[in-house]
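Notes follow once the structure below has been shown.
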Amino acid sequence: MTENNDIKMVIITGMSGAGKTVALQSFEDLGYFCVDNLPPMLLPKFIELMADSKGKMNKVALGIDLRGREFFEYLWGALDDLSERTWIIPHILFLDAKDSTLVTRYKETRRSHPLAPTGLPLKGIEAERGLLTDMKARANIVLDTSDLKPKELREKIVHLFSTETEQAFRVNVMSFGFKYGIPIDADLVFDVRFLPNPYYIPHMKPLTGLDEEVSSYVLKFNETHKFLEKLTDLITFMLPHYKREGKSQLVIAIGCTGGQHRSVTLTEYLGKHLKPEYSVHVSHRDVEKRKGH
């Protein structure tokens, strides 16, 4: 097995209704390989898979439900086994909340508590709390989510488990051609087909917006300058608000007919404009699809 001190594993457990789903989504946003409801008896096998992954699973978050006493025997054994391995140090994140808060959440979602499927949720909560006493005592971090909104819980997890780089709000700016379809992962789409098209100038037809002659042509028009002024003003206004709402990244797509000239030029411009303030990735989805045709 490989020795790798960079492997991180977080076991997420705690009271049902305390926010495990939000927690797993938060770890997923941080680039963790996430598995929900992993039976504790499978944990040793999963650890072996991590060891053999050659770095492909160097950050893992596992959501584990402990709804039967027999599960604890498997979990304690697996955790004791982990303590003997130098290449991985597990962290246990225990999510808790007040009984009254958990009851309210179950009423709002109209779901039954897993330990009281036909009874009152409070009975199930009390039973689960008793089962999880030792688990809570062994946890590295206990988070009380009673007064936390989902966005606030996510912010806490990001603060606790991410590096400064991982906390950075990422902006992806891409060009595309409408004839090939709008990118399905785009958050914001801008249509620049109203701008003069270099495609109809014969010697520019095989070029792209990455070529200086094309970009200079597109950027020389007054309407281009006015549009870029309004676009950068709008994006600069919106980005801090998206970040405040808890988004980890935003995809901005700029499209022209074929994704060769106008959209490429403006995508490059916007990317350079945003880079001093944000972590920006610029890409051109369709730039090779009909180049030279």
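We number each residue from 1, going along the chain as drawn.
Cβ atoms here come from the backbone N, Cα and C positions, even for glycine.
Here the structure is a predicted model, which means the values were calculated and not measured.
According to Swiss-Prot, the features are:
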type    : residues                                               : note
BINDING : GLY14, MET15, SER16, GLY17, ALA18, GLY19, LYS20, THR21 : ATP binding site
BINDING : ASP65, LEU66, ARG67, GLY68                             : GTP binding site
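Projection of Swiss-Prot feature records onto the structure.
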| residue | record | Cβ contacts under 8 Å, 6 or more apart |
| --- | --- | --- |
| GLY14 | ATP binding site | LYS20, LEU93, PHE94, LEU95, ASP96, LEU132, MET135, LYS136 |
| MET15 | ATP binding site | LEU95, ASP96, ALA97, LEU102, ILE125, GLU128, ARG129, LEU132 |
| SER16 | ATP binding site | ASP65, LEU102, HIS113, PRO114, LEU115, GLY124, ILE125, GLU128 |
| GLY17 | ATP binding site | ALA97, LEU102, ARG105, TYR106, HIS113 |
| ALA18 | ATP binding site | LEU95, ASP96, ALA97, LEU102, THR145 |
| GLY19 | ATP binding site | LEU95, ALA97, LEU143, THR145, LEU148, PRO150, LEU153 |
| THR21 | ATP binding site | ASP36 |
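According to its DSSP assignment, GLY17 (ATP binding site) is coil.
Counting every protein chain shown, the number of other Cβ atoms lying within 10 Å of the Cβ of ASP65 (GTP binding site) is 18.
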